[in-house]
Amino acid sequence: MKYISTRGHVEPKGFIDTVLMGLADDGGLMVPEQIPAVSAATLEEWRSLSYQELFLKIFSLYTNDEIPYEDLKELVATSYSTFRSPEVTPLHQVNDSLYVLELFHGPTFAFKDVALQFMGELYSYISRKRGEIIHILGATSGDTGAAAIQGVRGKEGIKICILHPHGKVSKVQELQMTTVDDSNVLNLSVHGNFDDCQKVIKDLFADLDFKGRYHLRAINSINFVRILAQTVYYFYAYLQVEGSAEKKINISVPSGNFGNIFSGYLAKQMGLPINKLIIATNENNILERFVNTGEYKPGNFKSTYSPSMDIQVASNFERYLYYLLGEDAEKLSGYMSKLQSEGKITVDGELLAQVQSDFDALGAKNQQCLDTIGKYKQEYDYLLDPHTACGIAAYEAFSGNGETTITFATAHPAKFDEAIQLIAIKQEFPAPIAALFEMPQHQTVVEHDKEVIIRELQAFYE
Ligand SMILES: Cc1ncc(COP(=O)(O)O)c(C=O)c1O
Ligand SMILES: N[C@@H](CCOP(=O)(O)O)C(=O)O
């Protein structure tokens with residue numbers, strides 16, 4: 001298996017070189033040359049596997065044995081030993097038609113741990129085995145940063161710098177990142193929003209001289225391994241639902257950077273028989289507008305009760321567009337140039353029909369998000385975090401009669417108590433979260449200025 005860029009100007013790469021490259025050197029995103037197929041019979045054989053076993057089956061289709069099987073097995077075992085649930089991502093049945101896949105049982109209580117605990121182990125392995133210098137650079141709206149830091153803190157041969165938008169992450173997210181005092185961690189708190197942070201890091205990855213000189217590595221979902229690690233729980237969720245082969249199974253995914261739901265799209269292309277993939281966003285509803293009208297146009301940034309999804313420019317949209325355009329790198333490059341020069345792209349006719357057959361989408365309003373949290377607490381005594389609540393609102397909008405929906409719970413409600421308090425619900429914090437409030441913070445507040453950020457990075461990485 002080789003990996004190529006959506007823009008078509010990178011020599012095909014192996015698995016580990018793809019991990020190390022992160023953002024493709026031509027500015028595109030890396031994808032597999034061919035998506036491996038999983039037959040219905042194989043899928044049934046996988047039904048009884050543990051999460052870790054399933055992970056190994058799926059990764060073995062992609063790694064070309066560049067990581068010997070026994071080594072991969074050990075990496076996976078170590079990665080998921082930090083989870084509070086033996087099932088890693090347990091499935092909770094809410095009612096006859098709704099299941100919630102709880103993705104928040106990792107160290108930082110959000111779905112990002114599922115891929116980033118593994119990526120931390122993987123980077124450490126690559127550093128040991130190949131002697132590569134690993135200088136991670138990432139942007140976060142709160143959860144990726146916390147999970148990535150937790151995945152590599154204190155690890156030899158690795159340094160990590162995370163940019164987060166100053167004052168625009170929840171208190172718990174901020175504390176999870178900034179109370180870490182290991183010397184291999186740098187938190188830059190940037191005046192601006194998540195899109196500003198993401199733009200800076202993408203510009204730095206696109207500067208090949210800078211990227212090479214400082215050995216920059218990506219942990220955001222621009223890195224294909226993040227996407228691949230996230231496909232595992234789509235398979236796992238589907239296989240946990242009794243009789244899923246005879247049912248129509250929809251999956252509703254709280255979405256921002258489009259990484260999580262793109263993993264679902266990939267799983268579906270591999271043969272997982274998902275009925276509808278439902279994109280759930282908040283009032284930053286660029287993806288909803290795209291699905292409904294065919295126009296992809298970043299709008300004005302809004303702060304909402306689900307701050308991790310306060311994103312206008314969705315990184316992985318490019319990967320989906322590449323497949324929508326029939327894997328035509330030249331066409332894709334044309335669309336991306338148009339997005340750059342005109343600030344929007346539009347698809348219509350057959351392409352729009354394809355989009356609408358691939359996805360349903362809802363941008364939940366702030367009040368709808370709070371109402372959904374209140375309703376599920378009252379009716380089912382189940383407390384949703386605000387991102388998951390957007391996912392549930394989308395399930396309510398799109399699930400037809402007789403269809404079963406799995407909604408992804410992407411974070412624990414304790415991470416977003418600011419929203420939970422607005423509906424007068426008092427929650428008890430899990431001990432690791434409660435402990436954060438007593439700890440000193442370490443962060444550098446900087447202006448949204450690329451040159452200032454470069455100076456901070458040079459001082460840290462050198
Ligand atoms: C809690 C939570 N839910 C949903 C999302 C959206 O996921 P994605 O960016 O993969 O679309 C994020 C961040 O990305 C998140 O942190
Ligand atoms: N919501 C994310 C934004 C970054 O997304 P990623 O999947 O590309 O890492 C976050 O929590 O930082």
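Glycine is no exception: its Cβ is also placed from the backbone N, Cα and C atoms.
Note: TrEMBL annotation is automatic and uncurated.
TrEMBL lists 2-80 with the feature domain 'Threonine synthase N-terminal'. If you average pLDDT over the domain 'Threonine synthase N-terminal' (2-80) in this model, you get 98.
Marked as domain 'Tryptophan synthase beta chain-like PALP' by TrEMBL: 85-316.
K112 (N6-(pyridoxal phosphate)lysine) falls within a helical segment according to DSSP. Annotated N6-(pyridoxal phosphate)lysine per TrEMBL: K112, in sequence order.
Take the CB of K112 (N6-(pyridoxal phosphate)lysine) and look out to 10 A: across all protein chains shown you find 33 other CB atoms.
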